[in-house]
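The domain 'NADH:quinone oxidoreductase/Mrp antiporter transmembrane' annotation in TrEMBL covers B:136-443. Here TrEMBL flags B:6-26, B:84-104, B:116-134, B:140-159, B:171-197, B:217-241, B:253-277, B:283-303, B:310-330, B:342-363, B:395-417, B:429-451 (among others) as transmembrane segment.
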Amino acid sequence: MSPGHYLVLSALLFTIGGVGVLVRRNAIVVFMCVELMLNATNLAFVSFARMHGNLDGQLIAFFVMVVAAAEVVVGLAIIMTIFRTRRSSSVDDANLLKY
Amino acid sequence: MIQSIDYAAIAPPLIVAVAAIALLLADAFGASRRVLGLVSLGAVGAALVTVIALALGDRRATFCLTGDLRGNGPPSCSYVTDDFTLIFQGVVLAAALVVVLLSLEEITAAGARLPAGEFHFLLLAAIAGALTLVAARDLVLLVVALETLSLPVFALVALRRYDGVASEAALKLFLVSVISTAVMLFGISLLYGVTGAMHLDRVAPALGRVPGDLEPVAAVGVVMVLAGFAFKVAAVPFHFWAPDVYQGAPLPVTAFLSVVSKAAGFAGLTIVVALGLPAYGHVWGPVLGVLAAVTMTLGNLVALRQRSAIRLLAWSSIAQSGYMLAPLAVGDERLPEAVAATVAYVAIYSVMNIGAFAVVIGFRRRAGAPAAGPAPSWDTLDDYRGLARRNPATAAAMAFFLICLAGLPPGVMGLFAKIVVFRATVAGGATWLAVVMAVNTVIALYYYLAWAARLFAAPSGAAEPPRMPRGAAVRAAIGAAAAGAVVLSVAPQLVLQAAAAIT
Amino acid sequence: MDDYFGSYLVVVVLLLLGCGIVGGGLAANRLLRPHRLTEEKLTTYECGVDPVGEGWAQSYVRYYVFAYLYVVFAVDAVFLFPWATVFAAPGFGTTTLVEMFVFLGFLFTGLVYAGRKGVLSWV
């Protein structure tokens, strides 16, 4: 099993996440797609670390995990406040601010 | 095996971070709003003093690789306080000081609906992130610092709970930010895959000898990393969060976003492209050039038709981002000069823009607009009519900031900043961009001057804004920004020489 | 490469064997048993009590704060794992131990704050 396979998987996951971000309309689902992108990044980091035989990639993967968790908490809290005032979590309904 | 830590070098972010935690605990144990504000102000001031002390002493670096990991390579320090870092830390802290001053009243006022402890904690945490970001010299620290800067800001924007506009602004900021972070991280993973290093002083030489079949991978990585920073500095096409967030957020937070956050973003962008990616100047140079041209043109054209002061400032600050990006469009050709031009422009922009925000915030307060509310009642440009009669000093300061932003004499510092950017752009061979910039400067004159003229026009009469007691803190903030603007207009070489000396 | 996958062969065989036993048992049961349905038999089995309400149940959203706190603190524990592999190794020692407790102290500060703000009290 060469690192190449993992990289292909990582690129696929990243693309799925990216497409999901663009086409889905529910803020929570958009958010899950972002998490998918971040995890794809982690997979890439770890496989590159394996390829190069140094630990920098694994190190940043830890930080990405923690950053992602912090983002989850802040993001869900924001979605929560929106839901409380609006009873909807669709990004299309967020329309108070216009050009 | 254990890295020794140079505590003097990391003192500025350390002071701010420790103060943030102390504030959080103090708030939990019931300290008064006034005390919290003063501690916050004191921490930022103390950090500014340490930055000045560091600037007078030796240049330091810490968190370097230990001997056995380093091999025969460069020292690879993660945190470096060189001239570049110190200039940006000074700019960030000075602007942060004004932001804290501006927030004092909004937070401490009786009946203020913002939680004081959380506000100051989040603000200081974001400042600590900005201070670390400008000193970071490896990609891991850069990402972590960027997130430390971004995450508290989401919460700050959303801090006015049960206000639909603020939550919506926060959601927009948040989604755009996390997506750009993800894209940037994937770019970093590609760069790491190609080079096998995270420290910029190792990435740069490794990128210079990438085998031919991996070059497209490296190029894609470079472009993806740029996307992350383009969001942070609100460059088109990653700009659309800016006007909405500026309008929806509490005003001191808006000032923070448009000055501190943007300055830190530019510092990060400059660090990455100048120290890490010079070998790929032929890739990121043109990309940044196009971004700069589109950003300044769109920003200025949309700013022309804004009627609300905050949204006008938002679009104008997008346009200003374009000017700041322009020198970097030269790629690796005459890069030091371009970096110096960007640094100088960011420093000068920070002074004049924070001043303009200070006046707008003071005006909103004086006009008695509710601190919350979807439609600020005293925010259109026409409300500024006749300000010169009621408050000559404030109006004069505002007019001066606007003229500086437009780049006309007597706002000499804005003029010099533009000239430096022009010179660097032309010298680097991007003449087309200089032409675009010149056209844009003329467009921008219109709306800056139209606003400045309103200040001195006769009051519209019908709706005279009620006079409210003014706070000393806001006046101090306006005064500090105005003093900075006047000093830099009399002696712009202070910034220009410091910026030129960094390379 | 073959060795790598070869070592998983036992797992695959075991998996197939397990599926076979369970599936075979169910199939044999189905063939041997009588098959007469009544309405009583078709209701959902809920410990012998008559089922009440819908399949969907909403829980109180106010518990989400606990979930958030858990996510943050649980994920911060990832830093403990690499630390645990080295802190006892020669060359690290006390400094490394103290550093980790400083980190845990920061996390604890967050918990103290949450506690003081009344987030942790069960309502």
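Just so it is clear, glycine is given a Cβ too, placed from its N, Cα and C backbone atoms.
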- Query: Counting only pairs at least 6 apart in sequence, do the transmembrane segment (B:6-26) and the transmembrane segment (B:217-241) share 3+ Cβ pairs under 8 Å?
  - Reply: no
- Message: For the transmembrane segment (B:342-363), give me same-chain residues lying six or more residues beyond its boundaries with a C-beta closer than 8 angstroms to one of its C-beta atoms, as numbers and ranges.
- Response: 84, 87-88, 91, 94-95, 98-99, 102, 106, 251-252, 254-255, 258-260, 262-263, 266-267, 270, 309-310, 313, 317, 320, 323-325, 327-328, 378, 383-384, 387, 394, 397-398, 400-402, 404-405, 411, 413-414, 416-418, 420-421, 424, 470, 474-475, 477-478, 481-482, 484-485, 488, 492, 495-496, 499-500, 502
- Hey, would you say the transmembrane segment (B:116-134) packs against the transmembrane segment (B:395-417), going by three or more CB pairs under 8 A that are 6+ residues apart? no
